[in-house]
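S.K.: Have a look at this one before I ask anything.
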Amino acid sequence: GTKKKATCPGLGLFYTILSALLFSVASLFLKKIEDVHSVEVSAFRCVFQMAFVLPGLIYYKTGFLGPKGKRIFLFFRGFLGSTAMVLLYYAYQVMPLADATVITFTSPVFTSLLAWIFLKEKYSLWDLLFTLFAITGVILIARPPFLFGSRVSGIEGSYTNHLKGTIAAIASTLSAASTIVILRKVGKSVHYFLSIWYYAVIGLIGCVIALFVLNEWRLPHCGRDRVFLILIGLLGLGGQVFLTKALQIEKAGPVSIMKTMDVVFAFILQVLFLNHLPTWWTVGGALCVVASSSGTAIRKWRHSVKKAKQRDI
């Protein structure tokens, strides 16, 4: 028989690092764009997603609506996923890049909590501890005045915008965690491309409606911003592709741990290109959140390995 070609050791982890770098650079370009609302940036991102997914839907003959019993789940996956994207882009625009990136890494912790509530998955004392770590990290980043006093230093712009960005980032994380729970509920009965298709179509429709309601639709006033919009779409798409490829050839646990490189890249890019040094509060919050998400990933990884061994026996 023919032997399957061996995968290059560490290739999945390399794809994960490359994905983290692409996502971080896309976030940097978002910070550099002027006078373009986060909803409009999200609409451009959805257009790129649709252009990429459409040929795949035609090639795999999945259709455009999906199985009848799964359409409601796909709708909410698209709605919550696109909402998470808009809120995250808004957070990137109004608060430091590293702060917003760190808050998004609480997603695995909230995913475990929501999976326990809605899918009846196991939620242990370790999971509770990791949740408390994540909340502590977010508090250190937000630095609410009733805990840290009225003089909050080291933020970008006004504290009001910093607080709005923190709330948007937390809401984005909860929405992203909800989409993961929905995808677990759907399982492998729906093709991956169809899931992204709903995400892009519903996101584009929602963004267009929001732009008309907010009266924020405008073309970028300079060529540089237009180039940035295109690059954000391409880099975001590339990051998603490499992350998907990483998960195809590597276990989810190592990929989740290596994905914390997002935080490292965010700190480096913020210092090099935005001239904004992170405070020790942000560094402390980042350590809490990274420890929390890494601990959650390691526990899930060990649990899956244990179950695989039991099946083999």
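Placement of Cβ uses the backbone N, Cα and C atoms for every residue, glycine included.
According to TrEMBL, the record shows the following:
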- 11-142: domain 'EamA' (DOMAIN)
- 164-293: domain 'EamA' (DOMAIN)
- 12-30: transmembrane segment (TRANSMEM)
- 42-60: transmembrane segment (TRANSMEM)
- 72-92: transmembrane segment (TRANSMEM)
- 98-119: transmembrane segment (TRANSMEM)
- 126-146: transmembrane segment (TRANSMEM)
- 166-184: transmembrane segment (TRANSMEM)
- 196-214: transmembrane segment (TRANSMEM)
- 226-243: transmembrane segment (TRANSMEM)
- 255-274: transmembrane segment (TRANSMEM)
- 280-298: transmembrane segment (TRANSMEM)
S.K.: Are there residues at least 6 beyond the ends of the transmembrane segment (126-146) whose Cβ is under 8 Å from a Cβ of it, and what are they?
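M.R.: Residues packing against the transmembrane segment (126-146) from afar: 99, 102-103, 106, 109-110, 112-113, 116, 152, 155, 159, 162-163, 166, 170, 281-282, 284-289, 291-293, 295-296, 299.
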S.K.: Where, among 12-30, 72-92, 98-119, do we find the most CB pairs under 8 A to the transmembrane segment (42-60)?
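M.R.: The listed stretch sharing the most Cβ pairs with the transmembrane segment (42-60) is 72-92.
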S.K.: In terms of Cβ proximity under 8 Å, which residues at least six beyond the ends of the transmembrane segment (98-119) contact it?
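M.R.: Hits for the transmembrane segment (98-119): 24, 27, 88, 91-92, 127, 130-131, 133-135, 137-138, 141, 162, 165-166, 169-170, 172-174, 176-178, 180-181, 184-185, 256, 260, 262-263, 266-267, 270, 278, 282, 285-286, 289-290, 292-293, 296-297, 300.
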S.K.: Give the nonlocal contacts of the transmembrane segment (72-92) in its own chain as ranges (CB under 8 Å, at least six residues past its ends).
M.R.: 27, 30-31, 38-39, 41-42, 45-46, 66, 100, 103-104, 164-166, 168-169, 171-173, 175-176, 178-179, 182-183, 185-186, 190, 194-195, 198-203, 206-207, 210
S.K.: Determine which residues of the chain contact the transmembrane segment (12-30) at the Cβ level, with the cut-off under 8 Å and only residues 6 or more beyond its ends counted.
M.R.: 38, 41, 89, 92-93, 97, 100-101, 228, 231-232, 235-236, 238-243, 245-250, 254-255, 258-259, 261-262, 265-266, 269, 273-274
S.K.: Using DSSP, how many residues of the domain 'EamA' (11-142) fall into helix, strand and coil, respectively?
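M.R.: The breakdown for the domain 'EamA' (11-142) reads 110 helix, 0 strand, 22 coil.
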S.K.: For the domain 'EamA' (164-293), what's the mean pLDDT in this predicted model?
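M.R.: Here the predicted model's pLDDT, averaged over the domain 'EamA' (164-293), is 83.
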